[in-house]
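> Shown below is the structure under consideration.
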Amino acid sequence: YGGMGLDFSYNIAVAEELGNIRCGGIPMAIGVQAGMATPALTRFGSDELKKQFLVPTIAGDLVVCLGVSEAGAGSDVANIKTTAVRKGDEYVINGGKMWTTSGCQADWMCLLANTSEGPPHRNKSLICLPMNLPGIHVAKKIDKLGMRSSDTAQIFFEDVRVPSKNLIGEEGKGFTYQMLQFQEERLGAVATVLTPLETIIQETIDYTRQRKVFDQTVLHNQAVHFRLAELATEVELLRSLLYRTVALYVEGNDMTKFASMAKLKAGRLAREVTDSCLQFWGGMGFTSEVLVSRFYRDLRLLSIGGGTDETMLSIICKYMETLPSK
């Protein structure tokens, strides 16, 4: 279908390289296109759907967005309210989505909706939804603290009719498909943040080496260079956890616990590195003229998007409870 057929480790290599882009919004938009909105279609979609949606998306001719989060259901995916009711050869969709990356410009959406009245983990389905259909309303482009180069939309659906053949895989399996995708999304987010954190630390070293306070460089203070050494060590530890998790995944193992640990650590470390380094920039760090202030805003999303820190902790705890008691 136009892809290279490589294993997931190559996705991570690309994600890590995208960290060289000096903002968070562009890597995130690419990540949605390549690693969030298309995996379920790739794995479970019909050949017809793949030719219609996947091929032009891989080629970059179409922009895709992921319709999962809602105003009342962010990390709590099981609680979404959007419905897709089967009527003949069509689904009729009503509801809305929130915080949809690339939603203002998307050509189609990978939509998660309730297709039955059954249990919340077994009543959801994924549907390829063209965004030019009657009844789709892009309400607004959301004004955000960071990731400002990435458009984020609020979208409403009012009696939107889409062919039932646009269903990805089996009806009722959407939640399961989405959970599989979430693990890859979280690892991709971890990979994307590694290079920015290294860049921030290095630029802080360079700046504090030449900035003088009380007749000596800021870097000359032991508290400063010790702190930067600690942060650099933490970034390397995160990279090691990421690589271990990816290796387990490529070998076919369940890596949910480690992916959750890596996502949790990445979100917290992004806050720690950007906050600590910004402090060493002094007043200059509080301006929009330096990279550290941009990443201070952009990377704050990592502890929220793709599953909050608290959600990651809950997952980790569940896996720990399965261990035999000592």
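The backbone N, Cα and C atoms fix where each Cβ goes, glycine too.
Copying in the features that TrEMBL gives for the protein in this structure:
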DOMAIN    1-61  domain 'Acyl-CoA dehydrogenase/oxidase N-terminal'
DOMAIN    65-160  domain 'Acyl-CoA oxidase/dehydrogenase middle'
DOMAIN    172-318  domain 'Acyl-CoA dehydrogenase/oxidase C-terminal'
> What are the DSSP helix, strand and coil residue counts for the domain 'Acyl-CoA oxidase/dehydrogenase middle' (65-160)?
3 helix, 51 strand, 42 coil
> Could you break down the residues of the domain 'Acyl-CoA dehydrogenase/oxidase C-terminal' (172-318) into DSSP helix, strand and coil, giving a count for each?
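Per-class counts: 122 helix, 5 strand, 20 coil.
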